[in-house]
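Participant: Take a look at this one; I'll ask things after.
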Amino acid sequence: MSGSEGRLAARGSAQAVLERLSAGDCWSGEALGRELGISRAAVWKAVATLRGLGVPVEAVAGKGYRLPGPVEVLDRQRIVAELRRAGVAPLPSVDVWLSTPSTNLCVLGSQAGTPRAAFAEVQTAGRGRQGRRWWSAFGEQVQFSLAWHYQALPAPVPGLSLAVGVELAETLSGLGARGLQLKWPNDLLCKEGRKLAGILIELEGQVLGPCRVVVGVGVNHGRGAGGAEADRPVASLAEAGLEGVARNRLAALLLSAVIRGCQRFGVTGLDDYREGWARWDALRDRPLSVVQAGATLRGWGAGISEDGALVLTLASGGQRVLHAGEVHIGAALADS
């Protein structure tokens, strides 16, 4: 067996061991080996793989291995069943990975006309906007990517992140989350402006089609959520008041929201989403500073333009329409 084959086998065994431990029960190495048809050495390697991914596998003297408590691991069959129950069409191809560098990379090879989704428990090289590292902790996020193909679009692709944001906010609000806001162009906030979720859009092709779009989403789920762009404060769904929703059901509902966003945006662009964006807009009438091309503009948020750009009322007078920039909520001083 080659080194790469050995690593793949270890990952497969690690997934199987994790599934057995997920109920919170204690399993001996011997019992796990017998259950899975592998050696105790293979069990040890699987446990080492899990620990290397940040899974908190405990060793209990004289008893075996266990997790600190039950955890609902992502399960492809359960996610697909929830998608069918929700009447999602077209039904995408769905993969679930224990670990991957990036779920976006997992779906890049999708064929035209076939939506493809990938979920992962852990991303080792996940990225947020402007290349920031997205930190993920085992069991604390729902993170996935969807590849979607367009022949033609009524609006430039960057506006898709706003449409998806509105769909996610409305879905989570409908489940009971409170205090949600959308920060242009791709952040879902709650609890004093802390980041709850992020959206990353990647494009292959033309901005008005034909093209393949990959929508990456990361949502902080549990109270110990570690998913965040480095050095940025975060919040979790639990802190937003949303608890008791099974993780696989939540995964399916979030994917359904993204699919709806892709479908509606492909027909009407942002026309169906302006009212929704205004309802969730975290920047409207707020003092802002926007860093763009080395300069800082200061003013107040004034909504979005027809194509989803940020409209900034300048402190010095007039307005600017910004299609890119790093936005900070803060004092509106004279622009420079």
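Quick reminder: no glycine exception, Cβ is built from N, Cα and C everywhere.
Quick caveat, the model's predicted, so the values are computed rather than measured.
Below are the features I grabbed from TrEMBL:
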- 29-48: DNA-binding region (DNA_BIND)
- Ser102, Thr103, Asn104, Gln123, Arg127, Gly128, Arg129: biotin binding site (BINDING)
- 78-266: domain 'BPL/LPL catalytic' (DOMAIN)
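Quick one: where do these features end up spatially?
Facilitator: Within the DNA-binding region (29-48), the DSSP-based counts of helix, strand and coil residues read 17 helix, 0 strand, 3 coil.
DSSP assigns Asn104 (biotin binding site) to a helix. Of all Cβ atoms in the shown protein chains, 23 besides its own fall within 10 Å of the Cβ of Asn104 (biotin binding site).
Within the model, the domain 'BPL/LPL catalytic' (78-266) carries an average pLDDT of 89.
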Participant: Could you tell me which of these binding-site residues, Ser102, Thr103, Gln123, has the fewest other Cβ atoms within 10 Å of its Cβ?
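Facilitator: Sparsest of the binding-site residues Ser102, Thr103, Gln123 by Cβ contacts within 10 Å: Ser102.
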